[in-house]
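Annotated in Swiss-Prot:
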- 10-33: NAD(+) binding site (BINDING)
- SER138: substrate binding site (BINDING)
- TYR151: active site, proton acceptor (ACT_SITE)
Amino acid sequence: MVIANSNIIFVAGLGGIGLDTSREIVKSGPKNLVVLDRVDNPAAIAELKALNPKVTVTFYPYDVTVPVAETKKLLKTIFDELKTVDLLINGAGILDDNQIERTIAVNFTGTVNTTTAIMDFWDKRKGGPGGVIANICSVTGFNSIYQVPVYSASKAAALSFTTSLAKLAHITGVTAYSINPGITKTVLVHKFNSWLSVEPRVAELLLEHPTQTTLQCAQNFVKAIEANQNGAIWKLDLGRLDAIEWTKHWDSGI
């Protein structure tokens with residue numbers, strides 16, 4: 001996918017990895033970048049606008065845990081303004097296994113609901129033009145960080161959902177791929193709670209191992225967007241971008 005002159009919606013585009021990715025996207029010259037985030041950050045939006053004045057950067061407050069109907073209303077506003085949207089990035093995520101329901105609601109259900117909502121505008125069975133979805137999942141969807149099993153399971157669920165979306169592309173016209181960052185130096189990983197406090201030092205222990213910067217992750221994210229491979233499972237770890245070949249242990253046969 002060519003980012004230049006495209007219209008992109010980025011859910012949680014002002015977070016750690018999100019903000020650096022928004023910067024890299026803006027540098028690539030889309031026509032519009034619409035940022036949806038729970039917390040307003042006027043300084044960050046102003047920075048993105050200044051980074052490339054030719055790009056129209058717009059912000060809307062959005063909590064991924066709202067009902068699908070509310071998301072559809074917001075998306076209608078955006079589609080009425082832009083007419084077309086080429087790419088949806090679902091990037092909302094929290095890491096706190098003390099908040100079980102919210103972790104699942106943000107990391108998994110929010111991704112499902114936002115995706116479901118945009119299908120009203122994209123699904124070719126409804127006369128839509130199709131589109132592309134990039135879901136930010138995690139390497140913990142491959143192998144869990146067992147001290148945070150709720151977070152890891154939520155990301156595994158998001159990965160499975162994304163893989164299914166890709167296989168439905170011939171029906172819906174909507175393609176999808178997953179972005180799976182490794183341990184990245186963000187506020188998210190500097191301090192977080194393990195499930196039932198099984199390992200109070202889990203954040204500290206993780207950061208003792210090699211990590212990557214948000215900029216490294218963002219630059220590889222943009223490469224994945226440009227590659228635009230339906231069904232791709234991208235691993236963004238230690239400054240590298242690698243396509244993962246998923247081992248099939250079972251097939252439904254349908």
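Quick reminder: no glycine exception, Cβ is built from N, Cα and C everywhere.
Listed in sequence order, ILE3, ILE8, PHE10, LEU33, VAL222, ILE225 are the same-chain residues at least 6 apart in sequence whose CB falls under 8 Å from the CB of ILE25 (NAD(+) binding site).
When Cβ atoms from all protein chains are considered, those within 10 Å of LYS31 (NAD(+) binding site) total 16, not counting its own. Across the structure, GLY16 (NAD(+) binding site) and SER138 (substrate binding site) are spaced 14 Å apart at their Cα atoms.
The binding-site residues in question are SER22, SER28, SER138, and the one with the fewest Cβ neighbours inside 10 Å is SER28.
PHE10 (NAD(+) binding site) is surrounded by 23 other CB atoms, counting those within 10 A of its CB over all protein chains shown. Taking the C-alpha positions, the distance from LEU19 (NAD(+) binding site) to the residue listed as 'substrate binding site' comes to 17 Å. Neighbour counts of Cβ atoms within 10 Å were compared for the binding-site residues GLY13, GLY16, and the top value is held by GLY13.
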